[in-house]
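Copied over from TrEMBL, here are the features:
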type: DOMAIN; residues: 5-172; note: domain 'FeoB-type G'
type: BINDING; residues: 12-19, 37-41, 59-62, 123-126; note: GTP binding site
type: BINDING; residues: N23, T26, G27; note: Mg(2+) binding site
type: TRANSMEM; residues: 278-296; note: transmembrane segment
type: TRANSMEM; residues: 334-358; note: transmembrane segment
type: TRANSMEM; residues: 378-400; note: transmembrane segment
type: TRANSMEM; residues: 412-439; note: transmembrane segment
type: TRANSMEM; residues: 451-472; note: transmembrane segment
type: TRANSMEM; residues: 510-528; note: transmembrane segment
type: TRANSMEM; residues: 641-666; note: transmembrane segment
type: TRANSMEM; residues: 678-699; note: transmembrane segment
Amino acid sequence: MNRNTIKVALIGNPNVGKTSVFNELTGLNQQVGNYPGITVEKKVGFAKLSEYTKATILDLPGTYSLNASSMDESVVIELLMNKNDKDFPDVAVVVSEVENLKRNLLLFTQIKDLEIPTILVINMADRMIPKGISLDIPFLEKELKTKIALVSSRKKIGIDNLKQLIINYKELSTEPCLNASSIDPEYFNSLRRAFPNQLLYKLWLVITQDVNFANLHRKKIEENSFAKPKADLKRLQQKETIKRYQFINDTLKVGYKVDKTTATDFRERLDRVLTHKIFGYVIFFGILMLIFQSIFDWSSIPMDFIDETFAVLSSYAKTHLPAGILTDLISEGIIPGLGGIIIFIPQIAFLFLFISVLEESGYMSRVVFLMDKIMRKFGLSGKSVVPLISGTACAIPAIMAARNIENWKERLITILVTPFTTCSARLPVYAILISLIIPDKRVFGLFNMQGLTLMTLYLLGFGMAIFSAYILNKILKIKSHSYFVVEMPGYKIPMFKNVAINVVEKTKSFVFGAGKIILALSVILWFLGSHGPDKTFHDAENIIETQLQNKTISGEKDDLVASYKLENSYIGIIGKSIEPVIRPLGYDWKIGIAVVSSFAAREVFVGTLATIYSVGSHSDEETTIKNRMAAEVHPITGKKIFNVATGVSLLLFYAFAMQCISTLAITKKETNSWKWPMIQLVFMSGFAYTVSLIAYQLLK
Ligand code: GDP
């Protein structure tokens, strides 16, 4: 790193507009990753402060204080405690918000105690006039021993001043603004004597929470004679907080004035409606329905376009490149694999567009307030409603939407159970199976039985998601505090820049994160489906030709070859070899092949069956896949293959099984480990197997 690059850390409570300030400073020069070993998102941006000076800006997770109660908060503490960390900042920029300055300053005074050069940003300055707020900046700067940048990231005011303050960070005072050790002078003195070379406030942080830093470990302090019991420490910590608030109150009494007559009660009136016991839910579900309807409708246009474009590309590659394995790999493996990634982009973009707008406007906090009580019973958060319902479109964007859940345990549970909700890829599978086994009749002359079955399957998926969440909540031993923040941000018109950057960032992180895995897995599945070990696979054309000439079979030659190849491919062999395992569920090897190949994506099930059943399509009336399936009989018993028992068993299997590599890929990406997708795979598929087994054995 060049000497003129300043390392800046942005710190602040949630909802103060930290991301907006970050976006103003860095624009699109952002990189998103994870902190090593954990799932907390790490955002770094680059800013040009002047002609000669650049800055790397680390956007730290929102935190209320330096008393860690979540993984996000410990990231902040651990970084600020460790001077040897490569990200340790030259200057800390604490972002606060003019309407909630009092609460925001708690964190600021704690950071000052770490003796890092600190700038205070007071954001949302545009709210001062409507709210009748006035500030005495010179007084505040003097009391808080800092430089203040009064900013409105919405109106793009004050950013240049902030840049200037960062450039001149060496002039900042590193003096704490209050003396926290006066809460128990004797104790702090003994600490100072025992560790004369350490910063007192750092020692205190190490003692009061589960962090270590540099060469100082908790144990070393706890072994000392002056160690205090936990309860005493907690009491002292509370005393510290009170002391800080006393200082803040005294300072703001002089430096912060509100003219009450200008404050409006618009927010309160809106809150009353949006969090109302009945209307609140009605409005929320109305908005949700609107969102998901639009996701379905709007994204189907670009999705169809992407689908067609990749089909054209694939056949173009096939006809224009020299025939051979490489061309096959490109046209049948890589191009469709890439298509399989890009096809998700419209849904991801639309979903995050809506979510950002809901978040930005302040409405999401009301949703959490509304739904939290219900969802918490199942180990979920109020915000889990969004992923669970988005899951009906597709689990990929839905699982990504769980990022909005701050609490790691709730987020993990949401990620794990979301694939149970009925996604749109299950629809074609359900549709064909239902049309085969459920009569198109009405019950009570009113409800269509096929429709009822479909609805039951949706409810089953949703019920299972909630039920597994409940179980996971009981068995997962993850320490995480969940605190309910009653304070709500004000309503705001969403800022276009924030929404746009969020959408771009989420899409990028999907394409480059989960995309790699999806591509690799689709190429593997392609290989298994289009290659076989025996000569019979390679001689497919000749074999079918001979059989056609001998009239031992009949039908379209191309279909017969495709079907023959599939049967003798690796996937075909796997499908056949699992027959003993799936026979108790009522499936034959043909269904086995379809189940294995639909692991790429559930809807492939129908296409694979169409290919396999092209064998024996004698008459015109059996040309549709549905008719072919209906006509399929067991070679020995002569019974129909797709009878009610097998059909129900298959429906249940697809309702519960984790039949989607893309979902596994996104779970891997979002949880940063292979452990959770594997658990998902084993649990969901194991459960699906058991339920289908029971259903088939009862019904047959
Ligand atoms: P973060 O949670 O601290 O990262 O905050 P965000 O940047 O997501 O902003 C929270 C909300 O405050 C959003 O609705 C923003 O549109 C809004 N916001 C951000 N900066 C300003 C500002 O300068 N003025 C006003 N009025 N609203 C702002």
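Cβ coordinates are placed from backbone N, Cα and C, and glycine is handled just like the others.
Predicted automatically and left uncurated, TrEMBL annotations should be read as such.
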Cβ contacts under 8 Å made by the transmembrane segment (451-472) with residues that lie 6+ beyond its boundaries: 377-380, 384, 388, 391-392, 413-414, 416-418, 420-422, 426, 430-431, 434, 438, 443, 651-652, 655-656, 683
Distal contacts, the transmembrane segment (412-439) - CB-CB under 8 A, six or more residues away: 296, 379-381, 384, 387-389, 391-395, 398-399, 402, 405, 449-450, 453-454, 457-458, 461-462, 464-466, 468-469, 472-473, 476, 478, 598, 601-603, 605-606, 625-626, 629-630, 642-644, 647-648, 650-651, 654-656, 658, 660, 663, 667, 670-671, 676, 679-680, 684
Those residues of the chain, 6+ apart, with a Cβ under 8 Å from that of K18 (GTP binding site): L10, I11, G12, D59, G62, V95, N123
Residues that sit under 8 angstroms from N15 (GTP binding site) by C-beta distance, when 6+ apart in the chain: G62, E97, S365, P489
When counting Cβ pairs under 8 Å to the transmembrane segment (641-666), the leader among 278-296, 378-400, 510-528, 678-699: 678-699
Binding-site residues whose CB lies under 6 angstroms from ligand 1, from N15, K18, T26, E41, P61, M124: N15, K18, M124
Sequence-remote partners of the transmembrane segment (378-400) [C-beta within less than 8 Å, at least six residues beyond its ends]: 284, 288, 292, 295-296, 299, 344, 347-348, 351-352, 355, 364, 367-372, 407, 409-411, 413-415, 417-425, 458, 462, 465-466, 469-470, 472-474, 476, 482, 506, 509-510, 514, 660, 662-663, 666-667, 670
Spatial separation of E41 (GTP binding site) from N23 (Mg(2+) binding site) - C-alpha basis, Å: 16
G27 (Mg(2+) binding site) versus E41 (GTP binding site) - Cα distance in angstrom: 18
Spatial neighbours of P61 (GTP binding site) that are distant in sequence (at least 6 apart) but have CB under 8 A: V40, E41, D72, E73, V75, V76
Remaining residues near the recorded Mg(2+) site, that is with C-beta within 8 Å of the centroid of the site residues N23, T26, G27: F22, E24, L25, L28, N29, Q30, G45, A47, K497, I501
Cβ neighbour count within 10 Å of E41 (GTP binding site): 16
